Amino acid sequence: MGSFKSSVFILVLHLLEGALSNSLIHLNNNGYEGIVIAIDPNVPEDETLIQQIKDMVTQASPYLFEATEKRFYFKNVAILVPENWKTKPEYERPKLETYKNADVLVAEPNPPGNDQPYTEQMGKCGEKGERIYFTPDFLAGKRLDEYGPQGRVFVHEWAHLRWGLFNEYNDDQKFYLSNKEIKPVKCSADIAGKNVVNHCQGGSCATKPCRRDRVTGLYAQECEFIPDEQQTEKASIMFSQSIDSVVEFCTEENHNREAPNMQNQRCNLRSTWEVIRDSEDFKKTTPMTAQPPQPTFSLLQIGQRIVCLVLDKSGSMAIGDRLKRLTQAGKLFLLQTVEQGSWVGMVTFDSAAYVQSALRQIKGGTDRDALTKSLPTVASGGTSICSGLRSAFTVIRKKYKTDGSEIVLLTDGEDNTISSCFNEVKQSGAIIHTVALGPSAAAELEELSKMTGGLQTYASDQAQNNGLIDAFGALSSGNGAVSQHSIQLVSRGSTLQNSQWMNGTVIVDSTVGNDTLFLITWTSQPPQILLWDPSGKKQDGFVVDTNTKMAYLQVPGTAKVGTWTYSLQASSQTLTLTVTSRASSATLPPVTVTSKVNKDTGKFPSPVVVYAKIHQGGLPILRATVTALIESVDGKTVTLELLDNGAGADATKDDGIYSRYFTAYNTNGRYSIKVWALGGVNAARQMGISQQNGAMYRAGRMKNGEIIWNPPRPKINIDDLLSKQVPFSRTSSGGSFVASNVPNAPIPDLFPPCQITDLKAKIQGDSLINLTWTAPGDDYDHGRADRYIIRISTNILDLRDKFNDSLQVNTTDLIPKEATSEEVFVFKPENIAFENGTDLFIAIQAVDEVDLESEISNIAQVSLFLPPQTPPETPSPSLPCPDSNITSAIPGIHILKVMWKWLGELQLSVALG
């Protein structure tokens, strides 16, 4: 399975706090404040879009208020206007609001024409989502027929984002069998409608009833459930908010637990209202007695980036070449990472602070070089972090307000006075990114990142892991076009002996290549450096800085697409290689990797979930090899293979988000996380995919008793997607979390197998049941479980609530496979009536070798459907005599009703006028 394996490639996580979310949303007396809606820089300037956003939120607020029994409404919203739009007096500079922490992103569809609203969800049921996505055409009302009013859709997506709800429809399986009946996947079950198919042939289409498959007993995939125009049922918003009568979430009383949808699968059959009721929002509010006010809006426009480096030069920075490594990382940031046009200042500190450079705008190489000369070269003195921060505020205020500015704070020392400036930090409106260097950095350091929405990173003293350079490489702007951001392609290090070589390759794909930099560092003597481009041409021109112990090559123009080859030779020292680049075009989105953990504190024995999102614009990158390297404060590392398989820690298969549980704690303290991503080489292929967490696309709607069909919904075809993917490698930088409550070795086994979330069941033959699922491990999704317990019941709630009392299946011959493997098990139900029309529910529990049990799996369902026997053929020398009568409803018109006796497939219809 490769869960724990060594890798020389490392990709640092770009840590966007998650549950740990960087979101600024907070609840204040029933009203949601701090909502950030960002307009993507690639959206053409259109002032009406701002009004459309306001209209959507204004419509959504009372709908949300009534749907939550007068408990929640939208109080204020900040709209981020792109920097490349015209400035206006009413546009203010943001404070902590950035594109990185935006809750809603308005962007052009990718691929074109796919305007489905959706929410990115990485976590479990009840865990907050990441971000809502809308397109300009959707906000302009051009998709009303497909999705319904924009305000209602916003509430549907808000429920994904804020409360971790899932959809109550299912595009992959629209119908299911229950008690011999075919039922649509819907909630509530009382929503009325018709099961029909839009049959098109020869350029014309006709609405026809769905036909039952004689083998499966279900309707064909093209069959659709079209809700009636007039409804009385009020639930549920997570099924179809577009139905006029739907104004509520499903409750325990009207929730359809049998429907095979994501809400039932991910939330253990709980209704959406039950999940909302368990949320922190619900627990700390009571219903309002008056109507809420309308939302208020602030318009914020991104301006030039303002950054001040605040760098520790205390005596402890002389340990283990820390100051030299800081200079190397600082040079990468100043020469490459920080964007053109940015303003950069620098402060150093020990027990006092020293201004090394006032704010200086990056206009070209001269400015970058000048700033590198201000980096510290001597370490001495104590540690006063607040002195450094206060000095940085002063540097910034000499030219700009501190609102929305950024401070990069690096320290390796302890400082028990850091909390004395917390209030000043909060009032400043500045975003603080923290870099903890070594094992003794101030324990409260990360609080500065948390309170301001900055990145928190940790770099150990293990130079070969390149952690400090990766941390500074992560500090690209949280705003602006992604085409301007620095992207790490490779980050690698190695300790060499006896004239050994460090050999390898770097893939420069077609989405990057501008401003490409090769950076090499060493700890003793300059190594021999050999580099060839994809055509085999040797590259010269490395700038060698022996004082800083680094060399770098800036590739002119756009680097050649293909595989670059390098060889580095040295003896008895550590080398590192970092390669960065920028997008090759402003119109072609680059492949990007961002990542996060689900918590900033890992409290043993609770696992930490590591996520990596790999996308090109709005399209997911599939079948990539993604590896996370997790380094503890004592230098030990664990390697995880992250997976996009929809099992274990991974919420959704094939969404470009790769996930895995981390359980291998070995000590308390900080852990850094690094990930390597390699893709586009051995990609598999399968059918088309659609957004899993989006509003339902209406196939059609009833109007005046007639069905009006919408165009078929656009789908992402994985075949097309993979054919366009090219080989690539990526690194992205800088995340950490803090572990606590880790016992001394030997660490006891307190981790159970993870929950099975992808159990599927189907009938095999006349009476066998075929089960498939992804194997959990001994410790969550690592190792191998000891055994499985499978139980069945004809009552779905009994199986959920009384699992141990339900009938157990004989699994003597079922031996668990290694975690992440596919399991298949076929059995014949015994000691239970299993006949035509029987609905049977199945669930699994995994148990490890010390008898720790997983949570009960999702519940799978099978319905035994025995096709009716085909009647024997009988000779029919002549047509039978039908039963007939004639009715006259309108003078002059007679309708002959003909009732034929059984003639197999013969159907006749006669109309006379």
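We number each residue from 1, going along the chain as drawn.
The backbone N, Cα and C atoms fix where each Cβ goes, and this holds for glycine too.
These features come from Swiss-Prot:
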type: SIGNAL; residues: 1-21; note: signal peptide
type: REGION; residues: 46-199; note: region 'Metalloprotease domain'
type: BINDING; residues: His156, His160, Asn167; note: Zn(2+) binding site
type: ACT_SITE; residues: Glu157; note: active site
type: DOMAIN; residues: 306-475; note: domain 'VWFA'
type: CARBOHYD; residues: Asn503; note: N-linked glycosylation site
type: CARBOHYD; residues: Asn514; note: N-linked glycosylation site
type: CARBOHYD; residues: Asn770; note: N-linked glycosylation site
type: CARBOHYD; residues: Asn804; note: N-linked glycosylation site
type: CARBOHYD; residues: Asn810; note: N-linked glycosylation site
type: CARBOHYD; residues: Asn836; note: N-linked glycosylation site
type: CARBOHYD; residues: Asn885; note: N-linked glycosylation site
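Locations of recorded Swiss-Prot features on the structure.
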residue	record	Cβ neighbours (10 Å)
His156	Zn(2+) binding site	30
Glu157	active site	25
His160	Zn(2+) binding site	25
Asn167	Zn(2+) binding site	26
Asn503	N-linked glycosylation site	12
Asn514	N-linked glycosylation site	17
Asn770	N-linked glycosylation site	15
Asn804	N-linked glycosylation site	9
Asn810	N-linked glycosylation site	10
Asn836	N-linked glycosylation site	13
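DSSP assigns the residue listed as 'active site' to a helical segment in the three-state reduction. Shown in sequence order, Thr119, Glu157, Ala159, Leu165, Phe166, Met238, Asn693, Gly694, Ala695 are the same-chain residues outside His156, His160, Asn167 whose Cβ sits within 8 Å of the Cβ centre of the Zn(2+) site. Asn514 (N-linked glycosylation site) and the residue listed as 'active site' are 37 Å apart (CA-CA, integer value). Comparing CA positions across the binding-site residues His156, His160, Asn167, the one lying closest to Asn503 (N-linked glycosylation site) turns out to be His160. Note on the domain 'VWFA' (306-475): mean pLDDT across this stretch is 96. A straight line from the CA of Asn804 (N-linked glycosylation site) to the CA of Asn167 (Zn(2+) binding site) spans 29 Å.
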